[in-house]
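Database features (TrEMBL):
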type	residues	note
DOMAIN	440-807	domain 'UvrD-like helicase ATP-binding'
BINDING	GLY461, ARG462, SER463, GLY464, THR465, GLY466, LYS467, THR468	ATP binding site
Amino acid sequence: MVAMLDLDKFSVPKLQTEKGQHDAFEHLNDALAVSHIEDVVRDLLSKPGLLVYILSVFPNATSMRTKILDAFPTDPLTLQQSFIPSLLSKTSAFFFSLPSHVFQGDESRTVGRYKRYVADVWPAVGILSPIAAGTKPFGNTNYKEKKTVVPNHDAAILRKLNIQSSLDSDIAMETLGNVMAILFQTLKFYLGLLSDPRFVGHCEEVYFDRSGEQDDESEADTADVLPLAYTQVRHLEATLAASDINRFGEWPILMSTSATKDLFDWRRDDAKIAECILKKIRQLSRGQFSGNNYKMLHGPSHGIPIYQAEVLSNLRLVYQIDCTLDDDGQAERQAIKVYGIYSHKQLGHIWPRLSKLLNGRGEVYRQRCILRELAGPGSAAYRPAIFSPILEEFTTDESPIFVHKDGSDEDFSWLMSNKYVKLSTAYLNGLIAEHKLELPFQLTAKEWQIVQCPTSCYVIGRSGTGKTTAMVFKMLGIQRTWEQLSGSRKPRQLFVTRYPVLAAKVEEFFIGLVESLALAGCTQDELRNLRSQNRNAKNEEPQMTDPLNALNYRVGTPQKYSDLSDHDFPLFITFDQLARMIAADSHIDDPNCYDRHNFILGRVINDESSFITYDIFTANYWPRLRSALAQYYGPWLVFSEFMGVIKGSEQAFRSPSGILDRQTYTNLSARTFPVFAEDRNSLYSAFESYSKLKRERGGYDMADRTCAILKALSRNPLKGLPVDRLYVDEVQDNLIIDIMLLRMLCNNADGLFWAGDTAQTISAGSSFRFADLKSFIHRTEAEGSLGVEKCCKKPELFELAINYRSHGGIVNCAQSVVKLITDFWPESIDILQTEQAMLGGPKPVFFAESEDESLLYEPFFSGLGGSRELGAEQCIIVRDSVVRGKIRERFGDIAVILTLQESKGLEFEDVFLYDFFEDSAAPLSQWRVLSTAFNSREATSSLDVSGSPHSVLCTELKNLYVGITRAQKKLYLLDHSQKSEPMRELWSSEGLIEVAPPTDICRYIGKSSPEQWAASGYKLFNAGQFQEAIHCFERADLPRRVRIAQAYQLRQVATSTVRTSERQGAFLAAAEAFVRCAGEATDTQKTGFYSDAAKCYASADNHLNAAKFYIDVDDYAGAAGQYRKAGRFDKTVQILAYHPGKLTESLKQELLYACVVQYSRDNLRPAFPLFSSTEAELRYLEDKGLHKARIDLLELRGRFREAAEVQLSLGRPCDAIQTLLRVEVRGNLNRAVDIALDVIWQACSFNIPVHDILRNKESDAQKVLNCIKDVPLGRLNASDSRQIRFFLAVERSPYTEAVYRLGEEFSDWGEHAMALMAFDIFFSELPTLYSAHGAQIDTFLKRFESYVSLLVSVVSHDIPLPPADPHVRKVFGIVPSTDHHYTITEGTFLHKRFAHNRHLSADIDLLLNAQLKARLRQKVLKEDNMISVARAFSTQCPYLVLHDHHCPEKDCGHQHWKRTSLNATMYNMKVNLHLQQIHILDLFSVAGKYEDWHARMTSWLDRLYSAIYRPIYIEGSVPDLNWNAFYNAAGCVGTARKWIRKTIEYLEPTGDPTDDISYLMNVIRVTCLHTALGGECELQEYVSRESCRVSYGEHLSVEDDNVSADIVASLVELDPIAGVPALRFLLQNGVGMDLAVVCDFAEEICSTLVSSLHPSGDLCPLHDLVVPRRWMMNPDKPVVGRDIIQSFLFCLRLLMNILRSGRVYTKFALPKHRESFVDIALVRMCRLLYILGYNVRDMGLCKTIAEILLLPPPEVSDKRSPSVRDLRQLADLRRQYLKTILALDSGSAIQDLVHLVHRNNRYLTRQISQRIPQLFFVDAADVSKQVKRSPPF
């Protein structure tokens, strides 16, 4: 279409300037002048918001609106093609988006109603138009067109607009015409609003902001700014006043219900007569009381005057001058009360009787009624008198029953119970429109107080006292106030009750009031249209919808509470539906979130079949519980106790679990909770059984539902705006926790209205009084637990005591029962003022005095049968269905028969209460308690009847009250049992009943018309009493209604059926019955029946039929659910594909989820695509966590790499690897290996028990390793290959050669982190080396050194391990983060309790260094401790050395090698092991010194000393050291030398003699080690320090007086002159010395003397010496004098004496086997003396040596030169010494001795023994060179 407008001129920037707006309006005028209005409107509609803006500000908008209305199509068939649909849709959406406070009067509700109509109408027009376009054959006027029956889906659309689905073209065309009339009226309404200046700002905003709707917060913001209407008006009753009427006088006219009916009938039958009647009323309103207007029907002496006014000759208006409250409620005013319009024949006997009844209201009232005041002087008219208000007086003496002469009676109490409305413009317009009127009627002063109450209130009143009326009028007053005030927001008023019928009636009443009052503003055209509609609807039968559907009673209500808008208020709703709306907001729709309360919320929303009602409890649970409780209690009491006390009470809510535990329940007050006071344990056991059954069946009850909602609201606040006013009717039928939920909905602490009567609880589960309710709300508001405002003003309590339904005879009898309850159980019921009736009436009749138990069955009912039966408003009330069955079985279907439970909430004119006492659970003795107490006038407080079983009596009295108050006019009690006697006598004594013998019931039969039977049928049907409704409908001859009631009865039977098979069959029968009802119903009623049929089919598990009928009612949500249950996901997919708009978003997502899951499970694809593309489907599957389906789809599309990544993201690495390896695609193998290694490294990082993980078949690491164990390693990069081989090796065993070799391989390739990991695993458990051979330990130490060296290199930063290195990250669980930061995986080597797990690279480095240092220390110390006890490091057992056979000690701790096995190799191995360990410990020192480091260093040097300097020569000595055979000899010896230097540095004496000796022992050791290992060390310098001086003391006079310096000098400088005094000092002063060290020191001194012995007398002093090789290690032996040798021998003598003394321990610290050690020392020293003696030529020295050895000394001559004899003695001694030496060396593998032979004398010197080799030398240096096995370092 070519645009007729230049829309650029209407841009927002231009319209916001004056010039731009002027140009746009000029352009629009030009377009309107030349273009059709439709084209202009279409152009304006093309820009959102532009049209409404133009129509609100355009100067010529009036002309434009007129053109639009003129262009409205006249042909219905062209309607949809016109611009009207778009125009109406856009304008209705605009106004619906506005906040309600901008509207006035009833505009808000009209906007809401039109919005829904416009939304629903266009599909209907599309259906009707083709049918209307059909044509009849030309010229055939008798042609009868066959009606078209539209499909079920289309029929459901038509039913929404109350359009029948069976149509011909004429009906369709007529219907379209009606639709067009409504649409024209709608358009006119919208255009009228657009002309109102109130909406200019909103129109401007919607266009300038380019948004067709307000922000979500706008309504909430407005609520905070705008005042509430009802806070601005003091007197709400003023808003309820009907508007004044033109041409009427000042006398108010009160029209009774009867008068209104008469007037409407006349208006319908003869409008002229109706006008005459109104003319007469007009005259009376002007006070024209004269002539035929003011004729009394009786004299004043009879009571209150009743007048007649002649309308026509045979037509009279009957009225009374009455008094009524003024509109402001501050005064009473005389008014004309019109009773009716009667023919002359209808006047007569009743009026005097009525006059007398009215006279009972008191003298003041009478005087006010007869007073007349003239309007003015000379005036013939009267004006109404005004009085101050008075309290009304009532009498119950007079009965409204009039008895005729023939004995028949006539009841005219209807005259008193009529409702009186004020004649007004609305009333007259309703008369014109023939509209059913619901106008505000006259309220009592007390009711006005309630309506006017500015605070919250509690209204208590028995049945029929006007509680609900006051509630509705208060709502109406607030609504009307808002309508009459501008600038105030619409109040959100919420009416809640348990009962759908009550909610529907109250809403109908309220809407009727609003619509009737709105008639005052209708034009004559509107009234004519309304009259036409009313006449068309007049013949419609009453709707019969499911009266028990409390969950879905209000069709069209949003599914969620948060979706409620102001247009939905005032809202009338059942508590069940309200709870489900809140649950829908509170439920968390997450399949992965399981919470018990959230699960219940899901059931509340989607599965009403799981809800346990009282009927469900009775049918399905009670049979399993009744055995222990049936004796005294029925299911009603038990269920009430479960719900109201154990689960739904305040105490239960405050308990942690929301349920009273057994102890708490049994401790409850017996006075407050009396029913089960003595049987609570039994009851609680039954409750536990009930709870178990409930869990097994997946059910939930009312308490579960509310508790779940409250728990959800405690976590998240209520979604949606709270209400401003809350009205709860029949509040006593709720649980206390329900009250808490309701209270949370209202944000106005003064806006609460609670009404009810605890004397007649109808709903099972209630167990509280109003006093409890008040206290509970007060406490919870004070605590602030609800998050609602606390009342600033104390709520008012109102009691309504006037009963308008029943007369005094029934009320007084019922009141006596209430008094008994309040006297004996005051805490079980609210104590109110005495209830009064407005009228007197006949007393209840008690039929008794029969001794024959069968008499009541036979004579009394025998007259019934056939056509003789009780009337429509008569009912027999029995205890239970068993008694009802007996009566019907014996006498037939003679009456409406209800159980007490079923009768609650119903009322009948006549009630026959049958065998109430006979079937009572309370025994006769309990009933007599009441009679006895009453008759003796005992104080009730002295009689304790509060506990069980007396508490049952309290419940029985409440049931009796219910039975009595069901009667409106007459009550008959039929009971012949002895149990009835106490109450009969009590009532008789008080004159409350008449006692009569049983008689024929036919005397009491009431005649009923079909209309009355129908009315009773509807009443019973709406109460859910379908069987009795059938009885009534049959007598009303309404077969279709019978079938409807039968269908619901079948459903009710099915609900109570327990067995599954029977239950399914029963529901199937009910479903088929509903289908038949739908076939007979009009189109507007089909939907309900199809819906009920669908539910029944669903309950019968006939899911496909259920789905079919759900579709028929346009309920695609229900249909999809059934298809889902039936497994027909193809059908579910169809609904998703073709009817997505019929599903809520949440349900759509749920069904989509279910379909995707199912098709994925079956590996199928749906016939209809569920997604627009593969990518969209993949996104959905990812969002919903449907990973299998996502993976399958990726594999189906050949995207294996992506599928593997998904599997990996789900924590299924094995699946990912297998998926990658399925297809040989480039890169898949490497990716599979990467995944596997990543998984393994995540589980097997440093310091983790890798082997255990890899051997655990349940671990992911083991699984992925198993997946890749057979991959071709040759196709991988070298690093990955090494890692796989490494983990495979660790899996087999972490301590194998392969693991260590791989560590070396990692190290060789520079993968130091991996190498460290391999070594750490290899050494994770150190081997047991205690008994290991030296070679094994040597191998261990070499490998351990590699591990320690690597650790040392890392911690010393010689080998960096940067976090950026991927290998480092793998090994240590380091994860790169953002901004160059890293995190450390929890549970790994580096992880600890960080304040923030976010680290820089430097932080990681510091942490790694610290942890590895600790690791190094831990490992080395552990290894050191283990090595320290290894036998390979211990010395040879001294016992074995001496005796060469088995050691007798069990735990010797030494090595046990045979003497022949002690060779140089073993000696070198032992020394090598010590040096390696020292080297390892030295590497460890990089990790930092610790407190015992020096002690450990000294200890290991001691051990090295012991290894080198063996206690006895046969184990080896320094000359046997073969450095070439040592591992890392240079490094190890270098370390030892370093340790020697450090040790000598810190070695210092303390001054304590004992410590000084220990110090000297260490000096000897260190010096000896230094001499053995070589190296540079200034030992003499260190020991010469003053701090290292050890003085000889006073006994020895030495030049330098430093023992330690002399020791060093003797050992290093080979100075025996220094050594001998030091040795003497030790032997004389030493305590706790090391015997081996002292012996070594002595031997070292002895070795320095060899050059001075000169055994051969040759020029070479060394020639012919026989000495140990050790003595010849240093050739620079000094030549000393004989005195030095003599001094040395003195020392040896001293030492030998100590060793022989048996008190060695006094000088030496001896180890284990000390005897053997001493023996070895003796042997060693003896050998030394033998060797010394063999080489000495000096006879004196020889003699000394012999003496020391305890041998016979030689005889020494005094000659200076030895004689021949001396030489012979010396030779003998030498032979003896040699022999002894050879004997001592026997069996030794080591050749310790050598025979030195100078080369010049080699041929002249013979070998002295084969076991002592000759060593030929040239000089001393040559000797030293030959003695050493390898050169020193």
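From the backbone N, Cα and C atoms, a Cβ is placed for every residue, glycine too.
Heads up, TrEMBL stuff is auto-annotated, nobody curated it.
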Using a Cβ-Cβ cut-off under 8 angstroms and a sequence gap of six or more, which residues of the chain neighbour GLY461 (ATP binding site)?
LYS467, ALA755, ASP757, GLU799, LEU800, ALA801, LEU832
LYS467 (ATP binding site) CB neighbourhood, other CB atoms within 10 A:
25
Output, ordered by sequence, the same-chain residues six or more apart from THR468 (ATP binding site) with a CB under 8 Å from its CB, or 'none'.
LEU502, VAL506, ASP729, ALA755
Around the ATP site formed by GLY461, ARG462, SER463, GLY464, THR465, GLY466, LYS467, THR468, list the extra residues of the same chain whose Cβ is within 8 Å of the site's Cβ centroid.
ASP757, LEU800, ASN803, TYR804
Count, for each of the binding-site residues SER463, THR465, the other C-beta atoms lying within 10 angstroms of its own C-beta, and report the residue with the smallest count.
SER463
Near the Cβ of GLY466 (ATP binding site), how many other Cβ atoms are there if near means within 10 Å?
21
Among ARG462, GLY464, the binding-site residues in question, whose Cβ has the most other Cβ atoms within 10 Å in this structure?
ARG462
